[in-house]
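Engineer: Sharing a structure here in structure tokens format.
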Amino acid sequence: MKRNGTRLNFAKANSTKSGSTRARDLMNKMSIIPEWHSLYSNTRKLPCSRPHSSPCKMQRTIFQDLCRPSSSTTAIANPVLSYLDIERILAQKISSRRDDIKKVFQILDRNHNQMVTKGDLKRVITAFLIPLTKDQFQDLLAQIPISSLGNVPYLEFLSRFGGGIDININGIKRVNENEVDNRRTVKEVQLTEKIFRNMRSIRKVFQVMDVNNTGLVQPQELRRVLETFCLRMQDGDYEKFLEQYNIDKTTAVDYNAFLKNLSVKNDASFKYLLSNAAELSRETQQGKNGKRLLDTGSSEDVWKNYSLDDLEKTFCQEFSKSYEKIEKALSAGDPSKGGYISLNYLKVVLDTFIYRLPRRIFIQLIRRFGLKTSTKINWKQFLTAIYERQKLEVSKTLPLKKRSSTEARNRSRKENIIKKLFKYSEDRYTALKKTLLIISSTPSGHITWEELRHILNCMVAKLNDSEFSELKQTFDPEGTGAVRVNSLLDVLDDSTKVRKMSPSTDTKTPLPVAWDSVEELVLDSITRNLQAFYSMLQSYDLRDTGTIGKNNFRKVMRVFCPYLSNEHLVRFSSKFQEAGSGRILYKKFLLSIGVGIPPPTPPLSSPKVQLSDQFQIEEPGQQDERTQPSGEKTSEINNMTKEEVIDGLKHRIQQKDPVFRKQFLSISKEPDVKINQEEFRKVLERSGMPMNDCQYAMLASKLGFKNEEGMSYQDFTMGFEDCMLSGLETVPLQSRTASRTNMDEHFISAEECLRIFPKKLKESFRDVYSAFFRIDLDRDGIISMHDFHRLLQYLQLNMVDLEFERFLSLLGLRLSVTLNFREFQNLCEKRPWKSDEAPQRLIRCKQKVADSELACEQAHQYLIMKAKTRWADLSKNFIETDNEGNGILRRRDIKNSLYGFDIPLTPREFEKLWQNYDTEGRGYITYQEFLHRLGIRYSPKVHRPYKEDYFNFLGHFTKPKQVQEEIQELQQISEREKLMNHYEEISKAFNAMEKSKPVALCRVQKVLQECGCPLKEEELISLLKSLDVSVHNNHIDPVEFLRALEISWASKARPKEKEESSPPPISFSKVTPDEVIKTMQEVVESSQPALVEAFSALDKEDTGFVKAMEFGDVLRSVCQKLTDNQYHYFLRRLRLHLTPNIHWKYFLENFSTFQDETADDWAENMPKAPPPMSPKETAHRDIVARVQKAVASHYHTIVQEFENFDTLKSNTVSRDEFRSICTRHIQILTDEQFDRLWSELPVNAKGRLKYQDFLSKLSIERVPSPPMAAGDSGESTMAQRGSSAPEFSQGTRSNLYSPPRDSRVGLKSRSHPCTPVGTPPLQNCEPIESRLRKQIQGCWRELLRECKEKDTDKQGTISAAEFLALVEKFKLDISREESQQLIVKYDLKNNGKFAYCDFIQSCVLLLKAKETSLMRRMRIQNADKMKEAGMETPSFYSALLRIQPKIVHCWRPMRRSFKTYDKNGTGLLSVADFRKVLRQYSINLSEEEFFHVLEYYDKSLSSKISYNDFLRAFLQ
């Protein structure tokens, strides 16, 4: 003891001590400390200013610290810890202190029902295990079943979290009963000793029981604690114990004073125990290899006197002692068998079994082992790195002895020999030293002279006989035939003449080393360390390809053959380099040098055993055996007998060893494929069980293995288990007829397979994709049920064919079904389908199936399965119906369904599939025909066309009760329509009744049923309520009921009368040229008001003239299907085909009187040209043109100028401020010119310019088109012209700002369609909504409630006046003009109603675009994927970027709305319908931005928009 303490003090004082001495002192210090820590694990960190002179004194200090009250140190929970970290910590700590914690729970379990309260559980966890936050504790409670009273079963808690690392804590040696003080009984001594052992636990139990922190416990509770943790005592013994420590059993006990008094009274015995513990530790330290070492704390002050080299050596030495436990613990932390664990888990394991290192030093050590600390740790690579480091960095230092004069002379002589030895080459010194270090790590530490000469000839130079004899005489004067390697290393280290050798003046060149000698030396080095060499190569080849990188190959060769020069390495690399990739074929390299591929290392083998196996160097007396070839010797050592192999196989089969199974299946590929005897022998060799021919023949005979029949893995496991049960009698495995019960044990039922399949899949594969990739052998992205069956066999889920079919039926599958990856993933994970995911066809194209017939059959079977099980999903693309309302299917419907379920077909394959359905070639099929082809019976209630649920879109704001009410209302509407269809029968039946008396509901129900309207009682009551018919005591007034029916009938019949009264539209498609003029006169006469309005909109100056092209556009808008030939014929007849400008007023007034006989006179009387303008008018128009051109070319600059002047943010500027802007950007205007320009601008009541209106009117010109002629289909062909720089011609308007009228009209020959009459323009209200968002988010519930109260019809709309009243009531910060913009935007049905649901949704839901990097911004659909793409402008891009979140949020219902308007299924919409859908979903687009969108998606001016191209731009 004294010697150890002196050594520790000396290590502290002498900072210049060598690294090896420090390491030994550290080992001595660490070997003493754990003996006391085994008594008190997890103690607090103790300050250590200097090493203690004796462990007794140090441990007494620790004990005194433990006996102090711990209230001063409050445990703080770590909120960063995840649930997995907490579970791991609990598993570790509970496994080490299970008994103590169980005893604590038993004390707290006063009712003895194995239950504790949640508060008791949390206090026990905080005191004994780890402090938790409230959320962490709630997460932990969620994993435990809780009783109805809220109590927790603590046994369930211990069972659930009691796994993990098995930490065995050894206590100190018990006191011999003969050495007990005579004044105390044996019971008292035993009780005292047990209190010492459980001091910390007992203190924590007292604190747990002391809920109020008073420091007191009741005497009966004190006895319960002592009897639970220590031993049971009789009443007499317990009373003596209380007298010994002055405890009154009638009052509360101060447990802190009790523990302190206990420590003082037993101080002498305590010292004795500590001295015994220290002596035991010092005496048994060298003999115990597997003992764990724990330091006194994690403070870096304890470690600062030790270098990293010393810590690394000591760490490696202690690591080998607990290798098996560490490997088991690391394997337990890798449940997925992926080979990776977290850095924190690795530190917990190493702290448990080796040292509790500070984190900074731990990370430095990990980096020295070649591992990255920023990612997860490959624990197998970590074990290999430590094993290699331990093998190569064995401690070389030996204790120095006093040299005699003879020894000095011998050393001088040896140094002279070494100097002569290295006279040829100095750079060989380091390589020779590394080689000798490897040899010195062997158990014997000797090398024969023949081996040494061989090494010197290869590495240094070829020695002649005289030089070698001199070397041999110097180091081996006794002639033993071998030399100690350490003696050579000693001379190499201490010879300053060798280490500081001056440059040689000898001109003699070094002797070259022969290549044959180098190959022999490499072969010898690799043979000695074959397993380690091959393991290190495999660590760089995780996929077992047989190749590694050139740099990695050099690293491995440098480790095991450090004497190789760069030339040698280049020669080796080039000789075995793969041509294509440049990688090294290391297996070919091993075979070429005659080594061969070694069998894999058996699992859980200790590095110490591996070291002894790899460095088999015998004692000097065994020189004859050393001269034998290394290959024969290795085979003799490694070959196993028949009994050993049978034991090994038995162990592997019982443990279901995955390594052995993988080796077997690597040859057989499948569990049911048979292999022959030679292949089975390879399996044994790869599994670390090599055998010679004789032993293997005996094993095959014992197992009954027949080469002609072969054996599969299933046969082997089943038969080998039978052999184990019967004592391995000689019965052939394949011919064994097992009993029925034994066979049933290996086959499971379909229900059991369904239950354990997800768990097995998770254990065997890293993820679902790995399993899919494993069974998809042809890599076509589709697996069959045969592939699925192979997967079950791979997971050892064996079923008979009948059960497998039942298993598929439970999953909703059949034998003929195929699955793609997404379906397989949903099958395995049961994850919900994301509604906002884009269809797979819009993301990427799938691989095509090569076989056309197989592809069609697979698609057909897939449609059968979906039609049976998921018709609702399949029918999402089936929306078309015929005139009678029956559902029909076209090519695109089935194609979209297949693509939606990721079943892609080539056009040829799909055409073949469609021909099987549409046998008559009509282009469509009915639902009945489609289901008949699928072999499914048609049901009208089930197989209906898909209908979109309107309320799903507003579900964010709609409560479930409200949804139910609205659905009931829709049902009532359909029931009311049924009543209207049978109005006459119902009216006759009720008129026949006696109207003076009320009618019972049951009679009303019966009458309606007789009239063809069967209704349930609940449906009838709700229908009467919707008709405002009162019900009293289940009776109604028949007169009131008839009056309500009459009102509904009249309102329904009125629209039909209007439709019947409207004349059919006139079509010019079948009009002959001779009838064109007459037909045109009829159309012009009937469409006179619309033509006047359209021409007036074009003739801003009221000159009566329009351009000939504009004149033709207007006529085409009212004349359906008017061809160009008919129009040109019409102009020639009117003598107007050469006229650039046409007087439209004259045409409308006199066209009805036109005749061919007076055509010349009629044309001559028409005015020819507009009147000339005055010079002032011309100058003014030029100024207006300059203003518009300046705004178009410097838009952002002018906007910035306006905003700079608008300091009050009122969107207005003064007259002088606007004039300064005109002077700067346009031209200097005279007072007269500016006054005239100012008079045409939008000015408010205060005389300030509203610059927002000014800019919008200049940047875009909107024109309301004339009303359609009677009978028009509603598809507007009118167009809107707008751009950033409008063109000006002779007919430029005189007024810059004219609110009631817009700029001009054009048709598809010049511009895009415009807003039809009655359709409000698009509005961009995003700035208004952004400003209102904060205000409405605080009161949107009250606002929604008010709107619902005003919405009596529950249509989701209120009147504009009611909305303005709510704006005033909630004091929303918007002006009158902004309110009008909102009303226009949210008037979705053009009926003057405000859609409050859409408004609130836009203001409450803050939709943001997905945050992506600059390299992955939103891309617009490529032009090559579209037929024609227009110009890409900044305004176009800014508009798309702004509306992207809204489109992504509602693109699915929007697409279905597009399809509803696209009745012909062409994928194209008219501009009017496209605008309607955008308004329906409240898309924030101004008219200018809408024009840019049209300009891009309708470059050809066809007035048709591809809505798929539009949506695809947002979904990429």
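For all residues, glycine too, the Cβ spot is worked out from N, Cα and C.
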Engineer: Taking Swiss-Prot at its word that Asp210, Asn212, Thr214 bind Ca(2+) 2, choose the one of Glu221, Glu227 listed for that site.
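Structural biologist: My reading of Swiss-Prot gives Glu221 as the candidate in that site.
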Engineer: Where does the phosphothreonine label fall among Thr906, Thr1139, going by Swiss-Prot?
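Structural biologist: Going through Thr906, Thr1139 one by one, Swiss-Prot annotates Thr906 as phosphothreonine.
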Engineer: According to Swiss-Prot, which residue out of Ser739, Ser1276, Ser1311 bears the annotation phosphoserine?
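Structural biologist: Going through Ser739, Ser1276, Ser1311 one by one, Swiss-Prot flags Ser1311 as phosphoserine.
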Engineer: Out of 96-131, 321-356, 905-940, 1193-1228, 1485-1516, which stretch has the largest tally of CB pairs under 8 angstroms to the domain 'EF-hand 7' (763-798)?
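Structural biologist: Most contacts with the domain 'EF-hand 7' (763-798): 321-356.
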Engineer: Residues sitting near the domain 'EF-hand 10' (1193-1228): Cβ under 8 Å, six or more positions beyond its termini, same chain?
Structural biologist: 1183, 1186-1187, 1234, 1237-1238, 1241, 1244, 1246-1252, 1255, 1259, 1284-1285
Engineer: Near the Cβ of Asp780 (Ca(2+) 3 binding site), how many other Cβ atoms are there if near means within 10 Å?
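Structural biologist: Within a 10 Å radius of the Cβ of Asp780 (Ca(2+) 3 binding site) lie 17 other Cβ atoms.
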Engineer: Please list, in sequence order, every residue of the chain apart from Asp776, Asp778, Asp780, Asp787 whose Cβ lies within 8 Å of the Cβ centroid of the Ca(2+) 3 site.
Structural biologist: Ile775, Leu777, Arg779, Gly781, Ile782, Ile783, Ser784
Engineer: Counting across all protein chains present, how many other Cβ atoms fall within 10 Å of the Cβ of Asp776 (Ca(2+) 3 binding site)?
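Structural biologist: There are 18 of them.
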Engineer: Using a 10 Å cut-off on CB atoms, tell me which of the binding-site residues Asp778, Asp787 is the least crowded.
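Structural biologist: Asp778, out of the binding-site residues Asp778, Asp787, has the fewest neighbouring Cβ atoms within 10 Å.
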